[in-house]
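Asks: When I checked TrEMBL for this same protein, it listed these features:
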type	residues	note
BINDING	R213, G269, I270, S271, G272, A273, I274, Q275, H276, N290	FAD binding site
DOMAIN	3-190	domain 'Electron transfer flavoprotein alpha/beta-subunit N-terminal'
Amino acid sequence: MSVLIYVELDNGSIKKTSLEAVAYGAKVAENTGDKAVVLAIGQAASSELEIAGKYGASKVLHASDEKLSHENSLAYADVLAQAAGQEGSKIIILSKSGLGDAMAARAAAKLKAGVVSGVTALPEINGSFKVTRGIFTGKAFATTEMKSDIKILVVKKNVIEIDENDVASASAVIETFSPQLRDADFQASVVNVEKASSELSLTEAQVIVSGGRGMKGPEHWQPLLDLARALGAATGCSKPVSDLDWRPHHEHIGQTGIKVAPNLYIACGISGAIQHLAGVNGSKCIVVINKDPEAPFFKAADYGIVGDVFEILPKLTEAAKNM
Ligand SMILES: Cc1cc2nc3c(=O)[nH]c(=O)nc-3n(C[C@H](O)[C@H](O)[C@H](O)COP(=O)(O)OP(=O)(O)OC[C@H]3O[C@@H](n4cnc5c(N)ncnc54)[C@H](O)[C@@H]3O)c2cc1C
């Protein structure tokens with residue numbers, strides 16, 4: 001039997017969050033004595049898919065039918081269910097995203113499986129099968145016992161530590177997977193995708209530099225952009241900043257915006273309201289720059305700098321350039 005892991009592709013490469021899901025699935029497979037098998041849907045070169053082997057997968061099933069080129073949660077869930085059937089998979093892993101959640105729910109209905117989303121740790125498997133997930137936008141955890149025969153876990157980012165130096169040199173075997181495609185799944189389908197920007201994607205970024213109302217206005221954003229460029233970081237912002245059109249809406253982070261989980265989140269002139277924190281509490285390290293020592297964000301920070309962003313940012317940029 002195998003633990004089946006679905007990986008999302010971005011321009012033919014496996015997304016970083018999905019590689020984490022592969023590493024997570026491989027650990028689960030190690031604990032259950034199964035193989036870790038990956039499912040990739042869409043166009044990708046074999047050399048890109050083989051990388052899954054470094055993260056513990058022994059095989060990649062590749063469904064590359066032209067009709068599957070654009071994301072389609074109905075068809076993808078169908079393909080996932082068929083792959084699980086072929087592999088006899090009792091545990092299915094996806095990484096948390098809009099697509100991951102949509103596929104998990106649909107595949108669960110098809111397979112009569114139990115599904116838990118927002119998983120934050122490896123499952124406890126000893127007689128029973130228990131998973132921990134974040135609830136109340138990550139402010140608390142719940143432990144859920146899964147009793148269904150087939151279990152689907154949707155795993156949050158940064159749940160598993162991947163040290164790029166530690167990844168094995170193994171590569172996975174690629175197998176073509178040709179599922180039955182149902183016309184009903186393609187009654188509404190994406191024909192073209194235009195990205196909102198060519199910049200780094202916030203959900204995939206390792207480093208994010210983010211600004212709030214403390215940045216004073218769009219004309220003062222350059223010091224933040226300079227630091228982002230020096231660090232190879234994506235840029236984000238608080239809700240009022242995008243509401244005021246200081247920055248584009250796709251940069252809005254928080255409960256009502258994008259939820260991010262970079263290795264490093266640098267908050268510049270953001271107060272740290274609970275709705276903003278809900279979008280960043282998966283970050284590994286949070287650095288806060290704020291002139292008010294009482295700003296709530298400092299309570300959630302790993303490192304805090306009390307000071308004026310316009311004095312601190314150029315210094316950080318200079319230091320980053322000299323790294
Ligand atoms: C239903 C609901 C949903 C929401 N969803 C979101 C969401 O998804 N994301 C989100 O961000 N917000 C959200 N909000 C808004 C949220 O409550 C806060 O109002 C918002 O996050 C505050 O944004 P801010 O920190 O940029 O601005 P402010 O609260 O105005 O804070 C600005 C900060 O900058 C500091 N500052 C000022 N000048 C400087 C300087 N020169 N140097 C250093 N620091 C300086 C100040 O001390 C202050 O802490 C939501 C609110 C509601 C009611």
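In case you wondered, yes, glycine gets a Cβ from its N, Cα and C as well.
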Asks: With a 10 Å radius around each C-beta, find which of these binding-site residues (I270, I274) has the fewest other C-beta atoms nearby.
Replies: I274
Asks: Starting from the Cβ of G272 (FAD binding site), draw a 10 Å sphere and report how many other Cβ atoms land inside it.
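Replies: There are 20 of them.
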Asks: Over all shown protein chains, what is the count of other CB atoms within 10 A of the CB belonging to H276 (FAD binding site)?
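Replies: Taking all protein chains shown, H276 (FAD binding site) has 28 Cβ neighbours within 10 Å.
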Asks: With an 8 Å cut-off on Cβ-Cβ distance and a minimum sequence separation of at least 6, pull the same-chain contacts of R213 (FAD binding site), or say none.
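Replies: In sequence order, the residues whose Cβ lies under 8 Å from that of R213 (FAD binding site) (at least 6 apart) are S238, P240, V241, G269, I270, S271.
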Asks: Quick one: what's DSSP say for I274 (FAD binding site), helix, strand or coil?
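Replies: Note: I274 (FAD binding site) is helical by DSSP.
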Asks: For the domain 'Electron transfer flavoprotein alpha/beta-subunit N-terminal' (3-190), what is the mean per-residue pLDDT, to the nearest integer?
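Replies: Averaged over the domain 'Electron transfer flavoprotein alpha/beta-subunit N-terminal' (3-190), the predicted model reaches a pLDDT of 93.
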